[in-house]
Amino acid sequence: MRDYDEVIAFLGEWGPFQRLIFFLLSASIIPNGFNGMSVVFLAGTPEHRCLVPDTVNLSSSWRNHSIPLETKDGRQVPQSCRRYRLATIANFSAMGLEPGQDVDLEQLEQESCLDGWEYDKDIFLSTIVTEWNLVCEDDWKTPLTTSLFFVGVLCGSFVSGQLSDRFGRKKVLFATMAVQTGFSFVQIFSTNWEMFTVLFAIVGMGQISNYVVAFILGTEILSKSVRIIFSTLGVCTFFAIGYMVLPLFAYFIRDWRMLLLALTLPGLFCVPLWWFIPESPRWLISQRRFAEAEQIIQKAAKMNSIVAPAGIFDPLELQELNSLKQQKVIILDLFRTRNIATITVMAVMLWMLTSVGYFALSLNVPNLHGDVYLNCFLSGLIEVPAYFTAWLLLRTLPRRYIIAGVLFWGGGVLLLIQVVPEDYNFVSIGLVMLGKFGITSAFSMLYVFTAELYPTLVRNMAVGITSMASRVGSIIAPYFVYLGAYNRLLPYILMGSLTVLIGIITLFFPESFGVTLPENLEQMQKVRGFRCGKKSTVSVDREESPKVLITAF
């Protein structure tokens, strides 16, 4: 009995058909790159201070001293959320008293920003923060906005696979791209923070669903060798391209509504792809729609200038292949023994903390010294060599050592930021980018590593559970950034410490490189970290390794 890959082997590996599918599906990921990180600019918080209305009769000296000072990063700056009581200083101004000379400012009564705020417009002309005053008592709404987006991502990751299994890869791919583009457009007309946030969560659902289904469609259509490149470098690199495009849009469009409109329009260019991207023949076969599947393969053969054999698919053979039953498993199987439970708990921690590091570094760009647009571009650019490095390392070296190594690298350089003098801002930025490089490399290896640890029976469930843990990490990450408002170095100290910690834990995983993949839970129980013994090694065709999604989204 032949499998699907053997049936379509006559198409070749890298013909015009495969190249077209590779680049079109990868290109469909570009909007995910800039929509996923758009909150950096849509919800940017500029410098702000209490508004002192022009109608208040104050002398120029009292107007200049109407805001108390505080020490921030070693320098005196106006407070963002307090001002001196206007009635009091207006009375002093009318009496001709001078601040600091006739009146001790430290003894003056203070009040909150009763008349609103004035915002610095050097970086952002407007954001959702400036429009709805998400500062001071309401500053908690900003990280919550980002967290709820990732809650949408978490929900979308639940339903995307089930929808594509039921309705088909192609239909769900374009439906979810429409959801992402359509609701992003509706966000432009948000009248309050609540409306914006609900719509943003729906955009998150559409984004991850589009991403996952595009990945599934590519891995099912492309041949074995191309499948590896597509799943490791294709979607990752094009995601990074979208990430790098974001600051270019934001630099020239400083108003959040116009920026959102500009980020929405590229989604319309995906509409013509409907006529070029076919349905997955594998899915059609699973639905017993053999004639449609054969028609797609015939067109692919024609595009590749290959004469297809008559009767490509044998319905009886494929029906026999699809009727193979698998033993039912439940989530408790991931905790059946102490060894399996330990591996599962460590894997959940590894995914969650690595996700926290990746997203916290990505979202913390506005808090870096220097130009926020350049820093965001560099943050996206550094992902490209990180993905290539991860791909090369996975091909040649033991998994747990390379993952632990890049985590030590990423966490270590983040911890070094606290010893860099404030005058050397470029050094701090360089260390942040090196930390992002290490954590991104680690993140991109986790899917492959996790899939190789578990037997076939529970592999998808294990990857799903640990991937869910990474979504939880992304929901938590905005609050690491939020801590930067209290101390600029605190997020880096926490991220660096947790990344080094999880790097140490990674060393206790069993090694999967060059080892026969377990086929059942009993075989997995024999795997032990650091246990010296005879291991069954095989000449593993890397193209037969589990194919899994290896980017943050």
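Cβ atoms are placed via backbone N, Cα and C, with glycine included.
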Same membrane side per Swiss-Prot: THR71 vs ARG488: yes
Candidate ranges 122-142, 143-163 [criterion: Swiss-Prot lists as transmembrane segment]: 143-163
Contact call for the transmembrane segment (172-192) against the transmembrane segment (489-509), three or more Cβ pairs under 8 Å: no
Whether the transmembrane segment (463-483) meets the transmembrane segment (233-253): three or more C-beta pairs under 8 angstroms: no
Candidates ASN57, ASN64, ASN91 (glycosylation sites) - the one closest to SER223 (ATP binding site) by CA: ASN64
Proximal but sequence-remote residues of the same chain as GLU220 (ATP binding site) (Cβ under 8 Å, at least 6 apart): ARG169, SER280, PRO281, ARG282, TRP283
Nearest of the recorded positions (ASN64, GLY218, THR219, ILE221, SER225) to ASN91 (N-linked glycosylation site), judged by Cα-Cα distance: ASN64
